[in-house]
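Student: Please find one structure pasted underneath; my questions will follow.
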Amino acid sequence: MVIVVRLVVLAFFLRYRILHPVPDAIGLWLVSIICEIWFAISWILDQFPKWFPIDRETYLDRLSLRYEREGEPSLLSAVDLFVSTVDPLKEPPLVTANTVLSILAVDYPVDKVSCYVSDDGASMLTFEALSETAEFARKWVPFCKKFSIEPRAPEFYFSLKVDYLKDKVQPTFVQERRAMKREYEEFKVRINALVAKAMKVPAEGWIMKDGTPWPGNNTRDHPGMIQVFLGHSGGHDTEGNELPRLVYVSREKRPGFQHHKKAGAMNALIRVSAVLTNAPFMLNLDCDHYINNSKAIREAMCFLMDPQVGRKVCYVQFPQRFDGIDAHDRYANRNTVFFDINMKGLDGIQGPVYVGTGCVFRRQALYGYNPPKGPKRPKMVTCDCCPCFGRKKRKHAMPEGAGDVGMDSDKEVLMSQMNFEKRFGQSAAFVTSTLMEEGGVPPSSSPAALLKEAIHVISCGYEDKTDWGLELGWIYGSITEDILTGFKMHCRGWRSVYCMPKRAAFKGSAPINLSDRLNQVLRWALGSVEIFFSRHSPLLYGYKNGNLKWLERFAYINTTIYPFTSLPLLAYCTLPAVCLLTGKFIMPSISTFASLFFIALFMSIFATGILEMRWSGVSIEEWWRNEQFWVIGGVSAHLFAVVQGLLKVLAGIDTNFTVTSKATGDEDDEFAELYAFKWTTLLIPPTTLLIINIIGVVAGISDAINNGYQSWGPLFGKLFFAFWVIVHLYPFLKGLMGRQNRTPTIVVIWSVLLASIFSLLWVRIDPFIVKTKGPDVKQCGINC
C-alpha cells in the first residue's frame, strides 16, 4: 500500500516539476528533471520486486524423520561441494584449507559428501597444502563431531572470543581441545613453510617428491590433473571412521584456447564430479567462504527434497555473511539491505538471484533441463486430496528443444530427438550421467576407468562445438557469470529459494578498505553492463516461453541497468554546487498546495524505509550506510564501469583499472586494513564532488552575507542539497584521511585542479543561465 501511495505522490511531484520550469535557469532545471525521472524509474525497478517478501523456516527434525530412520541407511541425497581457487599467493592456502576442513567436518552422512577443489592456477603450493589438509582432517573431523563444535573451520573456531566451555559436559573436552589447538598450530607452521618455499621459484621449475617435474610449471600450458586425497575406500580418520571424498582438480590449459576463467573452471568441476560421484545436488563456495553452520546442507535439503515443491527448485541461495568487518561497517561491506531486504522480496516472486557462492544447485537444472510439469488441478471445486480423480503422469525435467518427452520416459526416444554428444560433449560416461536424475555412478565402473574419463572431460578442447557456457552449466559472456547463470534457469521456469538460518550458513572475508571495496563494486557493475549489452539482456531475452515472471524480470533489469544511474547521480550531486556558485535555483517558488506534495513525497520515502527495516530486521545504521555507499559507489565505481563497458562494447577497448598499494596498516591492529590506502583512479570523481560542494557552500554563504537578509531564504534550500551530498560522501572522506587524517597528495592535486577548473568555468561562462540583454550604451549613453 505504501509503495502504491508513494507511486501516486511521485507522479504528482514529477507532473508539478515538469509543468513549472525555472525561466532564468532553464538548463539547470532541465538537467534536474531528467535526473529525477531517471531516479523514479530506477526506484520503480528496485521497489516493485519487494511486493511479496517471504520469511522461511526449516524443520530439520522433520527432514531426519523422513529420510534418516533409525536402523536404515540414510536416504538423504548426495552432495558434491566445489571450492575454487586460482593464485595461492593472493588466496592464502591456509584460508582454502580452513574452507576444506569445514566441508569435511559437515554434519551430513560422510558417504553422501564429496569435496572437489579446483586449482585453476595449477600451483604445486595448492596441491601440497591440500595434501597436508587431508592429513590434518583425519584428526580434526572426529574432534568436531565428537564435541559438536561450531564453526568447524579451525582458524575461526580457535579465535572465537566466547566461553568455549558453554554447553560442554564431556570431562575430556578441555584436554582434547588443548591438544587439537597444538596440532592446528603445527599444521599452520607446515603450511607457512610451504608458502615461504613457494616465494622463490627454482629456475628448473618445481620438482615433486618422487623426483618428477611438476606438470603445472607452465600455468598456461599444462595437462589436466586429478588427485583423490581422501576416498570412500581409503579415507579414514584416527578413530577408523570413514571420511568424505577429497579430490584435487586442475583442468588442462593450452595456448590458443578460451578458458573462461572461473565459469570455465566451475563447468570443469561439474563434469569431473558427474563422472566420479554424480551427486544430484552441488554446493559451490569461494575459497574464502567456510561453512559456519555444520547443518547448512540439511537446511538446503529441506527445500530441495521437499515432496511438494522441491522438484521445481533449481537452487537454494544463502545470504553472504562476513568476518573481520569493523563494527560500523563504514563501506557497507555486509550489504544487508540487498541480502536481507531485496533477496527476501525476490523469494516471494520466483526466487533470489544467484550471487556466486553459498548456493546449493540441482544438477539437472545446470544441465539445461526444464522443471517438471506438475499435474493439472481438477476443474471441479474440490480438495487436492480426493483420490477419485487419480493422478496424471508427471512429466519430468527435459532439455530445451526436447519437446514433450520426459526424462523418465523412453530414453531411446529422447536420444533420437537430440544429439546428446553435440550438447554435452564427446564422453559416453558423462552423457550417461546426465540422464540419471537421482545421481550415482554405474556399479560396474572401475575407478581407473572413471579417472581416465574424468581427465578427458577437463581437456581444454572438450567444450568446443557444445552448449557448455551457452545453455549448460555456468554461462559465459560476463565477469559476473553468477547473474547470467541464475537468469537462464529462471527463464526456463525454475524457481529458486532463499534460506536464512538463524546461525549463518557460510562466512567469508570482505575487502574492508576503501580502494579494494570500490574495485570490487567496479567488477560487479562492469559485469552488469556487459550483460545489458549482451544477447542475454533481461530487456530482450526470455520472452519466448513466458516462464520468467514480470516482477522477476524487473529485478533482473534493475540488476543490469543500475550502473547507468551513475550518470544522473553525478549530475545531480553537482547541481547544488552549481546553484550556489551561480546564485540560481532549480526549484520555482512553491505554493502552499504544492508544498503538500513535497511533504507527502518525503513522508512516503520515510514510511517505505521504516517498513522495510521493520519486516527485514535491518538496523537504521545499516540502512543509512547502504544509502551512503550507494552515492559513493555511484559516482565512482559505477561511473567507471559504464565508461569501460561502453569502450569494450562499442570500440573493443578493454580498459583495466588496477589498484596499487601505497601504504600498509599495522599488523597488530584487527582493523589495520580499514586504514590502508591504495591509489586508484576511482577516488578522483567523489573527491572532486566533495571539494566542489564545499567551495559552493563557502561561496553561497559569502554571497548571502554580502547581499543581506533577503538572500538567506533561497540559500537554505541550496545548502540543504549541498549538505545532502557532503553527508553521503562522509565515509569516503574518512577513508581518504586514513588513520593519520592525511589525504595522499596525488588525490588532492587532481581533485583541487578539477574542482577549480569546473568552478571557474561555471562562474565565468554560466552556460545554463539565461542571459539578460541590457541597453545599448552606444545609442543612449550610459545614464539612460
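Using N, Cα and C of the backbone, Cβ positions are placed for all residues, glycine too.
Automatic prediction, not curation, is the source of TrEMBL annotations.
Since we're looking at a predicted model, the values are computed, not measured.
Below, the features straight out of TrEMBL:
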TRANSMEM  27-45  transmembrane segment
BINDING   Ser84, Lys90, Glu91, Asp120, Lys261  UDP-alpha-D-glucose binding site
ACT_SITE  Asp120  active site
BINDING   Lys262, Asp286  Mn(2+) binding site
ACT_SITE  Asp482  active site
TRANSMEM  561-581  transmembrane segment
TRANSMEM  593-611  transmembrane segment
TRANSMEM  631-651  transmembrane segment
TRANSMEM  682-702  transmembrane segment
TRANSMEM  714-733  transmembrane segment
TRANSMEM  745-765  transmembrane segment
Student: Using Cβ-Cβ distances, find the residues under 8 Å from Asp286 (Mn(2+) binding site) that belong to the same chain and are at least 6 apart in sequence, listing them in sequence order.
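Tutor: In sequence order, the residues whose Cβ lies under 8 Å from that of Asp286 (Mn(2+) binding site) (at least 6 apart) are Val83, Ser84, Gly356, Thr357, Gly508.
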Student: In the structure shown, with every protein chain counted, which of the binding-site residues Glu91, Lys261 has the densest set of Cβ atoms within 10 angstroms of its Cβ?
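Tutor: Max Cβ neighbours within 10 Å, all protein chains included: Glu91.
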Student: Expressed to the nearest Å, what is the distance separating Asp120 (UDP-alpha-D-glucose binding site) and Asp482 (active site) at their Cα atoms?
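Tutor: Taking the Cα atoms only, Asp120 (UDP-alpha-D-glucose binding site) lies 18 Å from Asp482 (active site).
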Student: Let me know how many other Cβ atoms fall within 10 Å of the Cβ of Lys90 (UDP-alpha-D-glucose binding site).
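Tutor: So the number of other Cβ atoms within 10 Å of Lys90 (UDP-alpha-D-glucose binding site) is 8.
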Student: Sequence gap of 6 or more, Cβ distance under 8 Å: name the residues on the same chain that satisfy this around Asp482 (active site), in order along the sequence.
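Tutor: Once residues fewer than 6 apart are set aside, Asp482 (active site) is near Val353, Tyr354, Val355, Gly356, Trp474.
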Student: Within the same chain, where does the transmembrane segment (593-611) have neighbours whose Cβ lies under 8 angstroms from its own Cβ atoms, ignoring anything closer than 6 residues to its ends? I mean 6 or more beyond.
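Tutor: Distant Cβ neighbours of the transmembrane segment (593-611) are 2-3, 5-6, 9-10, 12-13, 16, 20, 47, 623.
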Student: Around the UDP-alpha-D-glucose site recorded as Ser84, Lys90, Glu91, Asp120, Lys261, what other same-chain residues have a C-beta within 8 angstroms of the site's C-beta center?
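Tutor: For the UDP-alpha-D-glucose site the neighbour list reads Thr85, Val86, Asp87, Gly121, Lys262, Ala265, Cys287.
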Student: Between Lys262 (Mn(2+) binding site) and Glu91 (UDP-alpha-D-glucose binding site), find the distance joining the two CA atoms and give it rounded to the nearest Å.
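Tutor: Here the two Cα atoms are 14 Å apart.
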Student: If the UDP-alpha-D-glucose binders are Ser84, Lys90, Glu91, Asp120, Lys261 per the record, what's the largest distance between their Cα atoms, in Å?
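Tutor: The UDP-alpha-D-glucose-binding residues span at most 16 Å between Cα atoms.
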Student: What same-chain residues lie close to the transmembrane segment (631-651): Cβ under 8 Å, and 6 or more beyond its ends?
Tutor: 331, 518-519, 521-522, 525-526, 528-530, 532-533, 562-567, 569-570, 573, 657, 681-683, 685-686, 689, 725, 728-729, 731-732
Student: Whose Cβ, among the binding-site residues Asp120, Lys262, has more other Cβ atoms within 10 Å than any of the rest?
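Tutor: Result for the most crowded candidate: Asp120.
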Student: Across all the protein chains here, work out how many other Cβ atoms are within 10 Å of the Cβ of Ser84 (UDP-alpha-D-glucose binding site).
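Tutor: Its Cβ shell of radius 10 Å holds 22 other Cβ atoms.
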